[in-house]
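See below for the structure under consideration.
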Amino acid sequence: MGLLMKCTFLTSCLFVGWSVTIVKCSTYPPEVRGDGALNAPSPPLDSESPALQARSLGFFYSLSLSSTFPDDLEVNEYCIEMLHVFGQRYVAYANCLVSYARPIKICQNCYTGFNSLVEIYTNISSDQLGPGNVSCHDSLMRSDRLMLLYTLFIKLDEIWTIAGCKQCLNENQDTLSNDTIYFMASLNLSLTCFEKFQGNHSELCKDCKLSYKRLNELYGKMEENQTLCIDIEDAMNMTRRLWSKNFGCSVPREETVPVIAVSCFMLFLPIIFYLSSFLHSEQKKRKLIHPNRAKSSSSLMNIQDKFS
Amino acid sequence: MANIAKKVSWSGRGDDRGERTPLLNGAEEVKYNNRQISGGSIFHIGRLSTVDLEEEITPEEDIVRSRPKEIPHNEKLLSLKYESLDYDNSENQLFLEEERRMSHMGFGCLEIKRWVICGLIGFLTGLIACFIDIVVENLAGFKYFLVKQNIVKFTEVGGLSISLILWAVLNSAFVMVGAIIVAFIEPIAAGSGIPQIKCYLNGVKVPRVVRLKTLVVKVLGVIFSVAGGLAVGKEGPMIHSGAVVAAGVSQGRSTSLKKDFKMFEYFRRDTEKRDFVSAGAAAGVSAAFGAPVGGVLFSLEEGASFWNQMLTWRIFFASMISTFTLNFFLSIYHKKPGELSSPGLINFGRFDSDIVEYNLYEIPLFIIMGALGGLLGALFNVLNYWLTIFRIRYVHRPCLQVMESMLVAAVTATVSFAMIYFSNDCQPLGPDHNEEYPLQLFCSDGEYNSMATAFFNTPERSVRSLFHNPPGTYNPLTLGVFTLVYFFLAVWTYGLTVSAGVFIPSLLIGAAWGRLFGILLSFIASSQSIWADPGKYALIGAAAQLGGIVRMTLSLTVIMVEATGNVTYGFPIMLVLMTAKIVGDYFAEGLYDIHIKLQSVPFLHWEAPHTSHWLTAREVMSSPVTCFNQVDKVGTIVDVLSNTSTNHNGFPVVVHSTGSDEPGKLCGLILRSQLIVLLKHKVFVERASSRLTQRKLQLKDFRDAYPRFPPIQSIHVSQDERECMMDLTEFMNPTPYTVPQETSLPRVFKLFRALGLRHLVVIDSENMVVGLVSRKDLARYHLGKHGLEELHLAQT
């Protein structure tokens, strides 16, 4: 296919698609088009047409390449539009993720972005025919081995799934669930309490215990119901660390003496048991039995003689 | 132990040779023996003299001579209560007739029946394994849930000693139930059962070992002892359970339930039954470890003397069915019906391919670990040996045994609790919750106590977490303390009167120090990433420790490979087990062998002891032999059989040339069981002539009485009948195996081991009976530290 393809490629590049590309170029920003056209850069093109190199190289690339295909392989205008929208939403969502990475609050803040991204992706990947009876699914997603749209989307979707954000949103995934809001409220309650007693840890441990404990219980309940997402887990983790490490409010090891006493008592029992059974129990004796070996005496003697 | 230490030789020569009887003595010994023999009749006492007495010589010493001598139990005894199995087929006339009557089809049917039985064995064994697994999981889950709740409650408000007591009491309660049923109902069900099955496959009839009652007690006992938190596993007992199932199914009836299904009657003899029992043992191993091939090899390793290829294939079938059944029912239990990939009772989990890899330079490390395993295993065995001797001597009453078990359970809980309480090793909770019952105690919120994953768990789960938890889950101190404590707990626990196995505790100890080894390695060479994963070393350590304790070779390698589900480790595991065996054997015997010895079982090893070629059948045999005539008086037979002092089982049948005193010419061999059946059916010469209508005795009558032949006392023989005659010609085995007097011990031994004989008649050149060699005559020779030694027969 190599040689023939190249020939068609060159000819169409030079003569046919010129004017069409100009039009397209003015309609769409170049980076979107670049996505579609990147798969066929051709070095011979550059060397054989030095005159064209004089223009802006990247611009020309995209122009000429996308314009070279025959009509039936051409990416439909509607699809290019979709692609554009996808790009914008993608960037917006990724931006949101990054800006809420630490302390992690992605579920609370990025769900709208994610929802719109999912929407456009579902549109693209559905088999529904758009205007002009074309399906963007094939042309945008399955034309090359990279399957860029799919890979890009799947990665972000994976992040969303691992984070478990679905559990923190309501059924339609359009607002935060009541549980989450309630948890955030009680978290704030604890945190304000922590702030109030900043500097006096023993006081803090005593006074904030109630709200902290309630928060902990709430968390435990949500864990059982599997309504946790990364935001809540992280917030709880941080609070716990504050509570245990920074403020040192863990339970202290206090009753060492009773535990040691009971343990010693328990360990003492077997010693008594074995001693008493050794002293009082009757030792088991075995009765020896002498088998009949009428000739064994003489034969044994014979052997002794043999060896001596 | 004081009594062992205080040895005063009765003969006053002050030697310290313990209770052994030298066969080959030095010059001094010869003189000594000659002196004794010159005394003529007092030779027996001379023989006795090498057996040390416990006490100082007392004036009553003379009385001692006249009554049977008593010594404390030790491992150098052979018990009279064990008998051989009749593996050798008695080719008497009845047998030949039956064979003639049977058509070609009949034999085909038998073959099919054998396959059906093997399938059933596998199925039932799998079911039992499934039952044990589910019940243990639930009971232990309930217990840990209760204790955990209690601990959580008391961590905050104080009073953790109450949790400790609760845990100890729960443990003791479970173990008490388990110990009571074992100690009072069926003591043979104690322990792992592997030594017993080993003996059975070796050809020793261990009383009550394959009964239904034993099975029930075994299964319940295992459940309670594992749920009771002892340092035990449920795998060893599975092997015993499989064997009992096999023995029961193949007979088509239960003598305990007095129910006869009239099936599989042809298989009612020792020869056939033992084949099935080996299949059952294999099915048990296969269910326990998910290792069908390992199961077959286990049977092969333990019962290798009587084997044929067809049997191997059938046993493999039984093993596979057993694994399949277990998987199938567990998949239903776990609500994923049809998913058949979960392995056996112990689930070691799968080793991922990226941590599986090992490198050439790790091989020496593995060998070092093997040697370490051998050393620790030998230590384990020696400690357990002393403990077991003490138990046999002093803790022999059932109520004491129950108390001991309960104490061990309580102490196990106490020690575990103390370990957890004082441990400072806190680890963050993982996202996927490997820990079944995470305990927080004094750790920060969101963390759990790392010691608790090892102690506050069934041993099996602990093994799994040691294998698979990611690096950094345990800190070295935790592992070190855990290994030490668990080692002693396991030593203490094995040999209690509860039914429980030693596989899992061994694996757990090994996995703990193996993981520790791995962690230390990665400290030394932090750059090498291949040493970073301690799970691999945990596996190798587990193999080394187990090999060092039980000393199984081929089957254990395959079991480990199959249980972990990858062949990549085959070579290291084999190396490790070899090293462990070599190093361990240098110091002490395998645990099962020690227990077999302590049970005074006449066990025949693979070969006769070395340096025994100079012993001939003449020295080995028992003599004189009680013989019967071809046609003998009923009275004589009854008298011989009911003589309690001579508990003979096989009687050579002879023809006297001229009614003289000298022993007659050998013409056959008849067994006690056969004689009893004959007496029961009153097959007397006089009767036969008077009652022609009487049905002729068939082989079936012998099979119906099997395996519990009534004792001679229960058979009533009137004074008239005593005068009758009995013709044994038809029933005796006309061609028993015989050897000349000069045959060496190893030759006799080989015959016994290879053919599974019970009696071997020793004849002279005239075909006159001079003696009879039985299993106990052979088993008493063994190679001790001072050369060939002889064991004593004793009543136990």
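Each Cβ is built from the backbone N, Cα and C atoms, and glycine gets one as well.
Automatic, uncurated: that is what TrEMBL annotation is.
Copied over from TrEMBL, here are the features:
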| type | residues | note |
| --- | --- | --- |
| DOMAIN | B:732-790 | domain 'CBS' |
| REGION | B:1-21 | region 'Disordered' |
| TRANSMEM | B:115-136 | transmembrane segment |
| TRANSMEM | B:164-185 | transmembrane segment |
| TRANSMEM | B:215-233 | transmembrane segment |
| TRANSMEM | B:276-299 | transmembrane segment |
| TRANSMEM | B:311-333 | transmembrane segment |
| TRANSMEM | B:363-387 | transmembrane segment |
| TRANSMEM | B:399-422 | transmembrane segment |
| TRANSMEM | B:477-496 | transmembrane segment |
| TRANSMEM | B:502-525 | transmembrane segment |
| TRANSMEM | B:537-561 | transmembrane segment |
| TRANSMEM | B:567-588 | transmembrane segment |
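Counting C-beta pairs under 8 angstroms (sequence separation of 6 or more), the transmembrane segment (B:363-387) fails to reach the transmembrane segment (B:215-233), with fewer than 3 such pairs. Counting residues 6+ beyond its ends, the transmembrane segment (B:537-561) has Cβ neighbours under 8 Å at 194, 285, 289, 291, 293-295, 297-298, 300-301, 348, 351, 366, 369-370, 372-378, 380-381, 463, 466-467, 502-503, 506-515, 517-518, 521, 567, 569-570, 572-574, 576-581, 583-585, 589-593 in the same chain. Across the domain 'CBS' (B:732-790), DSSP helix (H, G, I), strand (E, B) and coil residues number 16 helix, 25 strand, 18 coil. Residues 215, 219, 222-223, 226-227, 234, 238, 241-242, 245-246, 249-250, 264, 267, 276, 279-280, 283-284, 286-288, 314-315, 317-326, 328-330, 333, 344-345, 458 of the same chain lie 6 or more positions beyond the ends of the transmembrane segment (B:115-136) yet place their CB under 8 Å from a CB of it. The stretch in B:215-233, B:276-299, B:502-525 that contributes the largest number of Cβ pairs under 8 Å to the transmembrane segment (B:164-185) is B:215-233. For the transmembrane segment (B:215-233), the list of distant contacts is 128, 131-132, 135-136, 139-140, 143, 167, 170-175, 177-179, 181-182, 185-186, 189-190, 193, 240-241, 244-245, 248, 346, 405, 408-409, 412-413, 416, 458-460, 486, 489-490, 492-494, 496, 498-505, 507-508: same-chain residues at least six beyond its ends, Cβ to Cβ under 8 Å. Only sequence-distant pairs (6 or more apart) were considered; of these, at least three Cβ pairs between the transmembrane segment (B:399-422) and the transmembrane segment (B:477-496) are under 8 A, so the stretches are in contact. Counting same-chain residues at least six beyond the ends of the transmembrane segment (B:502-525), those with a Cβ under 8 angstroms from any Cβ of the stretch are 192, 231-236, 288, 346, 365, 369, 372-373, 376-377, 380, 454, 459-460, 462-463, 466-467, 471, 474, 476, 479-480, 482-483, 486-487, 489-490, 493-494, 531-546, 549-550, 591.
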